[in-house]
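Novice: Copying in the features that TrEMBL gives for the protein in this structure:
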type	residues	note
DOMAIN	A:95-306	domain 'ABC transmembrane type-1'
TRANSMEM	A:9-30	transmembrane segment
TRANSMEM	A:99-120	transmembrane segment
TRANSMEM	A:132-155	transmembrane segment
TRANSMEM	A:187-206	transmembrane segment
TRANSMEM	A:241-267	transmembrane segment
TRANSMEM	A:287-310	transmembrane segment
Amino acid sequence: MWKFIVRRLLITFPQIVFLSVLVFIMAQLMPGDALTGLIDPTITQEALEIQRERLGLNNPWYIQYADWVTGLVQGDLGQSYRFKTDVTAVISERLNNTVLLSVVALVFTYLIAIPLGLISGRYNDSPLDSAITGYTYLGFATPIFIFALVILWIFGYQLGWFPTSGSVAPGMQPGTMEYYLSKLNHSLLPGISIALISVVGTVQYLRSEIVDTKQKDFIITARAKGASENRVYNRHIFRNSVLPIAAFFGWEITSLITGTVFVERIFGYPGMGLLFLESIGQRDFSVVTALTLLFGIASILGALLSDIILGMVDPRIRIK
Amino acid sequence: MSNELLKIKNLKTSFRIDDEYYAAVDDVTLTLNKNEILGIVGESGSGKSALAFSIMRLHTRAKIEGEISLNNQNIVKMPKSKLNKIRGDEMAMIFQDPLTALNPLMPIGRQIEENLFLHNKKLGQQGRKKRTIELLNLVGIPRPERVYEQFPHELSGGMRQRVIIAIAIANDPELLIADEPTTALDVTIQAQILDLIQELKQKIHAGIILITHDLGVVAEMADRVAVMYAGQIVEIAPVDKLFANPLHPYTRSLLNSVPTEGQDRLHVIQGVVPTLKNLPRTGCRFAERIPWVDASHHEENPDLHEVEPGHFVRCTCYKHFYFPDNKEEQENGVS
Ligand SMILES: Nc1ncnc2c1ncn2[C@@H]1O[C@H](COP(=O)(O)OP(=O)(O)OP(=O)(O)O)[C@@H](O)[C@H]1O
Ligand code: SF4
Ligand SMILES: [Mg+2]
């Protein structure tokens, strides 16, 4: 197992390097540079040149890349043109919110998807299964923001059960119980919106895995031992079908990122997704670059996590 | 009578294909005694597995009519909860393909222990482990402590079949059904597995149904043989009688298609078992495969009837039957 994890980590490293190169190139292609946001627009061309020289902006690309990476490693993501502070500071404020939202979304995704997938697969071709499958088709066809808008309208505005924007009620004292409850409360509606869409893939996948697994020979062996149907499902079919869902987990993280980008916007939820959209709108490119890098790293780590989980649960992979 | 373990009467197992039921097992009647090995032979598709699965009631979507009684309990009508008490305990099965019959994600030990757990609640966790190791030893698996922890993919096909046998015999079943237990294995391993089954018969005194399409295996292992064709038993007899005096044309073609020393001709009947949907439902099912026998000799709907004590055949005009290349038979046999 350890050998497997180490080997898997060794693959991750070049992936991250490759990602950083891509993002670096992207940053170079964007208009403006590290100075654009900082400087008085009336500065003379010569003074600008001196500054550029001083910051190393005239160096060959690989030196710039090395400087950039060194900065990254030290937590220096550049300066935000819009906020006039370190990008790191801008992001870290939002990072907590997005992590909370993602966790809520993930929890709801699995809370909803696993029972639905199980029922759908176990009682396949029953009316219940048709209803669930019908929902997944609907979910596939509907863009996430429409779901989010409908949910916001019903539960936020019509019923008034949940707050309709922000990440915490105004005037809360950070660190108090009320503060955390309010944060959680604000994340529920956007989290569920993401979950309602992201369940679709998991439900369909789980369903087809179960339908597939229940025809396997070893299921007949289990029945021949005298195991009850419930036992056959719980001990043999379920476990063997949920496994591939673990592999899905990494993709889930990637789809969460896109999910949060749109949903945060609709719910006015101050997370990284909203920041990303605002920064594009306001041409705050250093923030866009930093966020792209973070999103990319999150995807890579997601895939890493999936593989490790898969390795832990599937002995066939563990051995290899 | 007290020696009778399994009794099957007029069993008919049908599958639904395109809104209609087709019988894969049709009018099967047989008995199995304690401590006896009944061989069932027949070509691929003749309904051997369908019969075995009916006895264990493992078909998920099939209509089963007739009677199957194990120790005087009718399995066909039995509620699921009762059935689950019997399966794996009084009756057990060894499957055709050892490579797929084990759960790939469960350690070997746990797969055997599951069967102990389900039927022997008194045995604690320690007891189960002890018995499992004992069973692994019994089926001839070296280093059982290690195998106990291993997963199926770490074992060879022959070893996996031994594990499946260990699962099957865990609770000393009275009825053991082995559905082509060696078909998927190498020849040398085949012999070892058959030896093991033979050996176990002596140890656990089970009645065994041994399904195979290898007549050599039947000759060596079985006490009685049933020959199946197109879902029906066409002949059933003690093994020596069947080999010495095969009556049904299908049995004779099977025997003749096994090359033996000193025989220069092979009588292989052309064609294959018809598929379920194309099975002739009236008249003798075998008729179309021996077109050289005159239509007037064929029987309408032959019944399994006793021609000698213990020797039954589903054919009344077998005396008219001959292989076209056998002069002697042609001269003497045909009226
Ligand atoms: N679940 C099912 N649904 C429909 N048809 C079936 C089903 N199971 C078996 N059959 C059909 O019943 C017939 C008998 O099949 P069966 O598997 O019993 O043959 P077999 O004698 O065991 O053959 P083999 O030697 O290949 O194992 C075949 O025509 C098969 O296609
Ligand atoms: S009854 Fe007649 S047709 Fe049928 S198998 Fe016997 S000889 Fe052939
Ligand atoms: Mg078969």
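For all residues, glycine too, the Cβ spot is worked out from N, Cα and C.
Owing to the predicted nature of the structure, the values given are computational and were not obtained by experimental measurement.
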Novice: Which residues of the chain, 6 or more past the ends of the transmembrane segment (A:132-155), have a CB below 8 A from one of its CBs?
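Specialist: Cβ under 8 Å, 6 or more out: 116, 119-120, 161-162, 164, 189-190, 192-194, 196-197, 199-200, 203-204, 207, 258-259, 262-263, 265-267.
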Novice: With the transmembrane segment (A:241-267) as the reference, find which of A:9-30, A:99-120, A:187-206, A:287-310 contributes the most Cβ pairs under 8 Å.
Specialist: A:287-310
Novice: Based on Cβ pairs under 8 Å, which of the stretches A:99-120, A:187-206, A:287-310 lies most in contact with the transmembrane segment (A:9-30)?
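Specialist: Against the transmembrane segment (A:9-30), the leading stretch is A:287-310.
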